[in-house]
Amino acid sequence: MQRITITLDEELLDVIDRRVATQGYQGRSEAIRDLLRAGMRESEALPDDAACVAVVSYLYDHSTRELPRRLNQTLHAHHDLTRSTLHVHLDAGHCLEVSVLQGESGRIGELSRQLMVERGVEHGQVQVIPAPGQPKVR
């Protein structure tokens, strides 16, 4: 096993610490490993060429330099996947976007990752559902 260093904001660290306390982990490392494993399982659930629908949601700080423009460009570059998008102004500095996507699992995963790794995106989640007629993932 290798030791690594990561940087987390205080709020995220508080969430992890609460998870450690409430779920009985021995420490942060095991809790973070479990979260990473769950995220990797979710992203590997469907073959890249499987047809699916998905909901991607993310909260971001719209004052982050050029972030709204970059997010918009990313969505436009994948316009063929986007069925609908909802944009909500949560407060003076934060927006929530929810997009319904349809297409191949690999392309949807790529788009979701591009959106969520942008600096200034604070929370992101994607839920992928096999399209009607596709085999269910176990």
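Glycine residues also receive a Cβ, built from the backbone N, Cα and C atoms like all the rest.
Predicted, not measured: the structure shown is a model, and the values here were computed from it.
Here is what Swiss-Prot records for this protein:
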BINDING   His76, His87, His89, Cys95  Ni(2+) binding site
Where His89 (Ni(2+) binding site) falls in three-state DSSP terms: strand
Secondary structure of Cys95 (Ni(2+) binding site) (DSSP, helix/strand/coil): strand
Around the Cβ of Cys95 (Ni(2+) binding site), the count of other Cβ atoms that are within 10 Å: 17
